[in-house]
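*Asks:* First the structure, then my questions, so here it is.
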C-alpha cells in the first residue's frame, strides 16, 4: 500500500510544482525572452489549458490501457516540456513548452486519483486525499522559496532543470515502484458493469458540483488576493507574501487534522462544516469594517476548503470501480473549466474583487448545502479492487 501512496503523492505534486516553481524567475525570463511580464503571466492559463486537454483523454486511456503507462507517459512529457521551456528563445516557444508541460502534469494528476480509487476504500481514501490536499498546500509556499534560492546562484533555466529532475524522479517511481492497479476485470465481460457506472448518476453529479464550486472558491480567493490585500488593504509585497503563507499554514493544519476528524465524524458532517465555513466567510467579508475581520474571513475560506474537499473528491470517485480514470478526468476538467468560467463571467459582469469572492462563497455554500441535504450515497455504492498486477 505504501508504494501506491508514495507514487500517487509524487504524481499529484508535479501539478502545483509546475505552477509555482518558475514564478520567482518571471521578471528575468521576460527580460531574456524580450517579452513583457504581462505576456508571460498567461503561462499560468496556458498550463491549465494543457492540463484540461490531457484530462480529455488521459482518464479513458488509463481505464483501457492501465494507470502505469499513462503515468510514465505523463512524466516523460513533463520532462521534455520542461527541457523545451529551459531552451526557449522567445515567448511563443516558452508558452508552447508550458502548454505541453500542462499536458504531462494533467496525465499524472488523473492517474494519481484513479490509483487511490483502485486501492483504498471510501473512508481511507478520504483521509489520504485530505493529507494530499495539505501537502499540496505546502508547494505554493516552498516552491517560490526554493526557486529564489536556486536563482541566487544560477540562471532562470535552472528552475526548469529542477522540474526536469522532479519529472525524472516521478518517471523512475512509475517504472520501478508503481504496480498496475487497473482492475483485472476490465475486459469485454465487464462491459455491462462499465455501462452501469454512468457519469450521469445524480450522486456523482452532486459531488461533481460540490468539488467544482469548492475549487472555484479557492481559485477565486487566490486570483483576487493581490487586489484584496495589496490594493484594497494597502499591504506591500512582503506583507502579502506573509499573509498568503499564513493562510497556507491554516490550510495545511486543517488538512492534516481532517483524517483524525473522519475517525469521529461522518463525511457528510465534515462536508456540511466546509460549506458552513464558506457561508460564514461570505457573511463576514460582506459585513467587514476592518482589516482584522477581513483577514478572519479569508482564513475561514482556507479552513472550509481543506476540511471538505478531500472528502467530497473521495465520494465522487466512489461509484466507479472500472471507470475511475474517466471519472477523475471529468472531475478535473469540471474544476478547471468551472472555476475559470466563474472568474471570467464575474469580470465580464463587472464585479470587483471583493464582490467576486463574496458571490462565489455564498452561492457555493447554498447550492452545496442543498445538494448534501438531499443527495446521499447508497448503502453499498462502491466496490474496491485491492489487488494489483505487476
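The backbone N, Cα and C atoms fix where each Cβ goes, and this holds for glycine too.
Swiss-Prot lists 4-24, 42-62, 69-89, 93-113, 131-151, 158-178, 199-221, 245-265, 269-289, 293-313, 316-336, 353-375 with the feature transmembrane segment, giving sequence analysis as the kind of evidence.
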*Asks:* With pairs fewer than 6 apart in sequence excluded, do the transmembrane segment (199-221) and the transmembrane segment (293-313) have three or more C-beta pairs that lie under 8 Å?
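*Replies:* They are in contact.
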*Asks:* Could you tell me whether the transmembrane segment (316-336) and the transmembrane segment (93-113) have 3+ CB pairs under 8 A, leaving out pairs under 6 positions apart?
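*Replies:* Yes, the transmembrane segment (93-113) and the transmembrane segment (316-336) are in contact.
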*Asks:* Can we call the transmembrane segment (131-151) and the transmembrane segment (199-221) in contact, meaning three or more C-beta pairs below 8 angstroms at a sequence separation of 6+?
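*Replies:* Between the transmembrane segment (131-151) and the transmembrane segment (199-221), contact is absent.
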*Asks:* Hey, does the transmembrane segment (199-221) touch the transmembrane segment (69-89), meaning at least 3 C-beta pairs closer than 8 angstroms, sequence gap 6 or more?
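*Replies:* Stretch pair does not touch.
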*Asks:* May I ask which of the stretches 42-62, 245-265, 316-336 has the most CB pairs under 8 A with the transmembrane segment (199-221)?
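*Replies:* The stretch I would name here is 316-336.
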